[in-house]
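*Asks:* Here's a structure for you.
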Amino acid sequence: MNHKCYRHQKQDQENNKELTLKNQLARESKDDQILISAIWDNYSKLSWSKRSLALNGILHYSCFPQLSYLSDSLIELTKVDFITILPSEICYKILNYLDATSLCHVSQVCKSWKEMGDSDVIWKRMCSQHIDKKCSKCGWGLPLMSTMKRKEIPCESSMPDPKRQKTCSPSKPSESTKCIQIEPLQHIPPVPVKIETKPWKQIYAERSVVARNWRKPKCSTRKLLGHVDGVMGLYFDQARGLLISASFDHTLRAWDINTGICVGILKGHTKCVRGVQFDESKIISCSMDKTIRIWHPKTFECVRTIEGHTAGVVSIHYIDKILASGAKDGIIRVWDLAKGCSFSLVGQVLLNYRHQDWVNKVKILPGKKELLSCSDDNNMILWDIDSKTPIRTFSGHVGPVQTFALMQPQHGLNAHIRRVVTGSLDNTIKIWDFHTGKLISTLFGHTEGVWGIDADAIRIVSGSQDQTVKIWDIETGQCTYTFTPKNGSVTSILLSDTKLITGDESGAVIVRDFLHTQ
Amino acid sequence: MASVKLTTSDDKEYTLDRELIFQSNLIKNMVTDLDVFDAPIPLPNVTSSTLDIVIKYLKIHKDDPPPPDKPIEKAVDDMIDEDKELMKLEFNIMADVILAANYLDIPGLLDIGCRTVAWHIKQCKDYHEIREKFNIPKELWRSEEEIAEMKKELNGILG
């Protein structure tokens, strides 16, 4: 018998069974030993097809007690350890059908099962089914790893092309809407970001903890104190653990989120600072003093002041070197920091198609072709940046629209509809169809104006004048929890994968951490 | 209708309709590429009792439309009744069938085999039951640290 089946291949490695058999045999009398080993020897010499016949004979000569003994032994012997005997690609196929609970049981069984059950192949798939969406099989989802982590490194060369600079003509009608030449942004080397890798199973486990804590909700709370007046803007980078807050007290503060220590105070603005954003190579802020300032990402020194707006700058947003800013007079400017020029989005003035009041938030959409803005004139407008004209107006709020957030494309009935959520001083939150401008739903719950909104694939969070922070289910639109910190009205809010960060009227920044809850 | 001859590891010869056995990509490629018709194809890894089950599967599915390129996400026990019935096997035979499906390259059969094993694992409430069901001996392989780490991980995932 030269062909070994997998049952015997496996036993060869262990060899225990054969040893026990030999020991048992040794205890018998000499004559019996010869007889029994002759039967075994002869049997194992037979080919598979002849073995059946030999067995038939043995069965024939057996009485009921032996047959019962056989049938009892067979139950154990025909059990097969699939994971050990099957090739690994088939094992992965089997394990891919299991849920997290069963996979955990699998890794407890034994070493070889653990190796299989813990493998990155399996857990990466589990993560891709659950993270940032709801799983179609089990119906629950885990929050995304890091929504704020910027993956791209800013452009290498920021030196201007002098010829191109001149194409920006300064002959526009009014002072506030004309093109403004600015000195192009000098290149600041980006702060290196440490990228850690960990097993997918650990990622899944971490996400599960966060998801569960969000549902309860259970979190640790840390208060970052330092600002002496209301906090109007927040920006956060999970990878660096850096949070920067902008305040009414004319300063910005940089915080180490892990220790809660203020690592820098950015002084220079002469009036309330309304907005802030940063990446590895620059920090940009805007202020009611009509300026935009660029700060060094490490030393926190002001490296540039951009003037151009004729009214206080309420909001900024940038992607790479394209910066948008919205001002108190309703003007939105788009700056190309690499080329050093800017223009304003004026719309068709005749159709009255521009903001008539404070522009509270601007956001350049991915692709840098479109821009969203919301205003005290109760509207939100989607702009085409190249043609400088409005594409769509979202109107329906009866109070100033303070903020908006894009909802991530995700699971569920209307997953294909891209949506945007707005918060207004009319106390409501509204969800809009991005492509048609149609109102989808209105969320009631806050008893005073909504100052801050953020959203990910699973939830919306909102902060309000009524001193509360509410968490909303993105699918049902139900408020699932209300935090009542009673620290003055909540003026800004930020949602990251594991944290909910709010800034309030009193100047405090509160960080709620859903991963490290102790 | 043209037929194909196969010989199993225990020297049994089978004559099967082309249309039926061509659900096996291995046989299909062999026959079409090598143009072998009369000589029986040896299957050294497949016993006749296993091939009997494989043929049962082929007969159930002979009129199936070609499978979609991208596998559809289905629940673990989302199988037709005939397949469920077919997979009511002792584990050693089931393993043979899975290996044969893999060797003969019959994706559908491999899939229901894997599903069935997964389903059996899923029925177990904890690792003790898995060990019992698949006859896996206890191992003393964990250090205190490993146990602590595993507990932490489990708490994370299972809550």
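Cβ atoms here come from the backbone N, Cα and C positions, even for glycine.
Relevant sequence annotations retrieved from TrEMBL are reproduced here:
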type	residues	note
DOMAIN	A:80-126	domain 'F-box'
REGION	A:155-175	region 'Disordered'
REPEAT	A:224-260	repeat 'WD'
REPEAT	A:266-305	repeat 'WD'
REPEAT	A:306-337	repeat 'WD'
REPEAT	A:352-393	repeat 'WD'
REPEAT	A:420-442	repeat 'WD'
REPEAT	A:443-482	repeat 'WD'
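Could you tell me the structural context for the features on the list?
*Replies:* The DSSP breakdown of the domain 'F-box' (A:80-126) into helical (H, G, I), extended (E, B) and coil residues amounts to 36 helix, 0 strand, 11 coil.
Long-range contacts of the repeat 'WD' (A:224-260) within the same chain: residues 146-150, 191, 193-195, 266-267, 269-279, 283, 285, 287, 295, 300, 488, 491-494, 496-499, 501-511, each at least 6 residues beyond the stretch ends and with a Cβ under 8 Å from a Cβ of the stretch.
Confidence for the repeat 'WD' (A:266-305), expressed as mean pLDDT, is 90.
When DSSP labels each residue, the repeat 'WD' (A:420-442) comes out as 0 helix, 14 strand, 9 coil, counted as helix, strand and coil in that order.
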*Asks:* Within the repeat 'WD' (A:224-260), count helix residues (DSSP H, G, I), strand residues (E, B) and coil residues, in that order.
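*Replies:* When I sort the residues of the repeat 'WD' (A:224-260) into the three classes, I find 0 helix, 19 strand, 18 coil.
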*Asks:* Going by DSSP, how much of the repeat 'WD' (A:352-393) is helix, how much is strand and how much is coil, in residues?
*Replies:* 0 helix, 23 strand, 19 coil
*Asks:* Using DSSP, how many residues in the repeat 'WD' (A:443-482) fall into helix, strand and coil?
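*Replies:* Grouping H, G, I as helix and E, B as strand yields 0 helix, 22 strand, 18 coil.
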